[in-house]
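K.L.:
So Swiss-Prot lists these for the protein:
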- 1-29: region 'Hydrophobic' (REGION)
- 35-93: domain '4Fe-4S' (DOMAIN)
- C52, C55, C60, C76: [4Fe-4S] cluster 1 binding site (BINDING)
- 107-136: domain '4Fe-4S ferredoxin-type 1' (DOMAIN)
- C116, C119, C122, C156: [4Fe-4S] cluster 2 binding site (BINDING)
- C126, C146, C149, C152: [4Fe-4S] cluster 3 binding site (BINDING)
- 137-166: domain '4Fe-4S ferredoxin-type 2' (DOMAIN)
Amino acid sequence: MLDLSIIAYLLIAICLIALIFGALLGYFSVKLKVEADPIVDQIDAILPQSQCGQCGYPGCKPYAEAIANGDQITKCVPGGQPLVVKIAELMGVDVPSMDNTAVPEVKVALIHEDMCIGCTKCIQACPVDAIIGTNKAMHTVVADLCTGCELCVAPCPTNCIEMIKVKQNPRSWNWQFNPDLIIPIVNTTELQKKMIVGSAKGEIQND
């Protein structure tokens with residue numbers, strides 16, 4: 001059997017080695033730390049975080065990094081034109097004109113409920129919780145929440161999910177507006193009151 005003093009020395013040596021390695025790791029983590037670009041975090045914060053990949057990047061953070069490096073700010077389909085305006089304001093650039101930009105076809109997922117087996121795989125895949133349902137029960141897509149990312153299609157074992165085009169109506173139409181052309185609202189009632197009071201004062205002075 002080993003002497004207790006030897007065991008104690010071994011434990012002390014192991015603790016000292018662990019402390020030394022811990023100190024070295026802490027030192028190098030600070031010394032070799034790579035500072036992240038703050039603009040990337042700011043862009044990433046306003047992206048929808050759906051991680052849908054429709055922009056051509058594997059997630060929102062890589063797309064934020066690409067924007068910071070000069071890529072187009074119009075590639076986020078779920079964010080739409082309002083997001084483009086926010087990113088343009090953050091980057092201090094002009095809002096890109098949408099006249100010559102192809103508008104992506106808006107689609108949402110549709111579950112054929114007669115084929116659904118209630119496996120919940122599409123629910124787990126949906127990044128925006130747009131699918132409702134429980135285990136071994138039919139699932140349904142909440143169209144207003146669906147971003148059309150198609151991430152729910154591949155996991156479905158019965159191929160009961162179809163991407164359908166959204167019919168354009170005043171509610172679903174992608175209203176692409178230029179914020180510089182917004183006309184401010186004027187309170188005409190107050191304006192009329194001031195004109196009446198002003199004309200009344202003029203009449204009194206003339207009398």
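Cβ atoms here come from the backbone N, Cα and C positions, even for glycine.
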K.L.:
According to DSSP, does C152 ([4Fe-4S] cluster 3 binding site) sit in a helix, a strand, or coil?
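P.N.:
In three-state terms, C152 ([4Fe-4S] cluster 3 binding site) counts as coil.
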K.L.:
Which residue counts does DSSP give the region 'Hydrophobic' (1-29) for helix, strand and coil?
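P.N.:
The counts are 26 helix, 0 strand, 3 coil.
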K.L.:
Starting from the Cβ centroid of C52, C55, C60, C76, the recorded [4Fe-4S] cluster 1 site, name every other residue in that chain with its Cβ within 8 Å, sequence order please.
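P.N.:
Filtered neighbour residues, in order: L47, P48, S50, Q51, G53, Q54, Y57, G59, Y63, K75, V77, P78, G79.
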K.L.:
About how far apart, in whole Å, are the alpha carbons (Cα) of C122 ([4Fe-4S] cluster 2 binding site) and C152 ([4Fe-4S] cluster 3 binding site)?
P.N.:
5
K.L.:
Roughly how many angstrom lie between the C-alpha atoms of C76 ([4Fe-4S] cluster 1 binding site) and C119 ([4Fe-4S] cluster 2 binding site)?
P.N.:
30
K.L.:
About how far apart, in whole Å, are the alpha carbons (Cα) of C60 ([4Fe-4S] cluster 1 binding site) and C156 ([4Fe-4S] cluster 2 binding site)?
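P.N.:
The separation of the Cα atoms works out to 24 Å.
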K.L.:
Binding-site residues C52, C116, C119, C156: which have a Cα within 10 Å of C149 ([4Fe-4S] cluster 3 binding site)?
P.N.:
C52
K.L.:
If you measure C152 ([4Fe-4S] cluster 3 binding site) to C52 ([4Fe-4S] cluster 1 binding site) at Cα, how many Å is it?
P.N.:
10
K.L.:
Starting from the Cα of C52 ([4Fe-4S] cluster 1 binding site), work out which of the binding-site residues (C116, C119, C146, C156) are within 10 Å.
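P.N.:
Cα filter at 10 Å returns nothing.
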K.L.:
What does the DSSP secondary structure composition of the domain '4Fe-4S ferredoxin-type 1' (107-136) look like, as residue counts for helix, strand and coil?
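P.N.:
When I sort the residues of the domain '4Fe-4S ferredoxin-type 1' (107-136) into the three classes, I find 5 helix, 7 strand, 18 coil.
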